[in-house]
């Protein structure tokens, strides 16, 4: 489960994307907390106000943690196009590795949300007969290149069901 | 064969009833709430609704026609937007024939045609004659046999005669014995669920019941002794068990599974007769399940994950049952006969997990339990301090909490011991066998290599580096979604072996 040395890293600007997304989440949490304070909690007894301040504070602190962890997330978020499979690796302390054999791939999708578009990044979704899995935030050139390689590999692979 | 046909006119009535069923509550509420309308006007609205619905269904029925020739079925429907659906016989994955009790006197059936195994069936022909369905089934079988023969003859040019040809010529049959079905229904624990649901329903709906009735019941309950209440509880449980038994017997009565070459036909049902035809190649995995109670009686249930639409009837079931009940000592031989393309004689190997697996799992589950208990205690302590509750100082409450926690600890310990005893992994040729135990149910999965869609491994640093272990998940297709089969605390060397085995699929 160790990350192979030839595994690909994501483009560096992905760190800014993650930061921006986390800032948006934090902003939404703060807006909700402020709205709840003015419209409901302010008129409640002190006991509830104190608890609201504690819970709200914890929520804001929790939303900051992913921002601190961005360098860690970047260092241990990699993918590998091996000869027989696509592998995705995530995490160091809590590790997760996914493996999809190339001959199970049915199709490949490239999607781009507003934030990804702003940074010229793409999400590559690999579709099997059962599930989807994604390599998020790769640059345009790599996405097109990977897509072509995956489709070629899937076409060359033996058809799974002998009578289908 | 080339004649356009309509569904039986009874379809108009069936559709009308389902439409009335769907709109029954909205109409009743509308009629009751409209105090300004007289009784006559309300009756008129109801009659108008029924007449309009009948007219709509009549036109819908008139414009719904179907025909089939040697190669395909064509369905024409739509009143404003005309649609034609062409379904070639070779592409049909599953044909499901359903005969509800009200169609039995007319010898009519509903037929579902599914080609993709994704989402809804491609077409549903309602209330058509058994003769027509038989013709469709025969034609489909004929066309698919031709297609398979063609593929096999192409393969034969390059290699020696394939073994699938031999398998195709063989046939196998399984029929349920009523005695086994009875024991199976008796050992279903769903009765407890229904009894619980009855109790929950009472607590939910008692607000809606008339006060007089509620008072009588409450007085009766307060005045009754524990023995009488126990007897009442037992009685409710017996009734619930009987309901479950009837449901199971109704569902699996005269269950017959027949394999004819690559075709499987499953027929079952007492009140509503149900027949499903599918190709063996649609089977993604076989699961042999055994609850703790059925383990005592040495009974097993075999289900299959299919790449086919599973919403074949209204009864919700996660997997398609291949063998509802079979004795443990007979299951392997029977399954091998029914599904010769699978291998079931894979020896169980329990040494695939790391040495400290049991300890680590217990530590993990008890850790979660401890965290939950501590959080609850802290919240209760804060609330009692704020509102002077003194709830934690009451001996009854404290002893109840302690007894509950102890019971939970014993349940967790016994489940984890069973998990430790049962979990195993084995590989034989192109088959993977995974055995798990979750919620006291032992499940053994048999999966062919080319049906595994992906593999996931997870581990925290200590488990991976110090213990050389990881958790492994196998992804397989299940209907139009997926199923994850998880095994825990596996030696990393074995995980690597499985990864290599999975990728050597040529």
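Yeah, the Cβs are placed from backbone N, Cα and C, and that goes for glycine too.
Record note: among B:125-149, B:150-174, B:225-249, B:225-249 is the stretch given as transmembrane segment by TrEMBL. Two recorded stretches are said to be in contact when at least 3 C-beta pairs lie under 8 angstroms, sequence spacing 6 or more; the transmembrane segment (B:43-63) and the transmembrane segment (B:12-37) meet this definition. Away from its own ends, the transmembrane segment (B:397-419) comes close to residues 292, 358, 361-362, 365-366, 369, 373, 391, 436-440, 442, 488 of its chain (Cβ-Cβ under 8 Å, at least six residues beyond either end).
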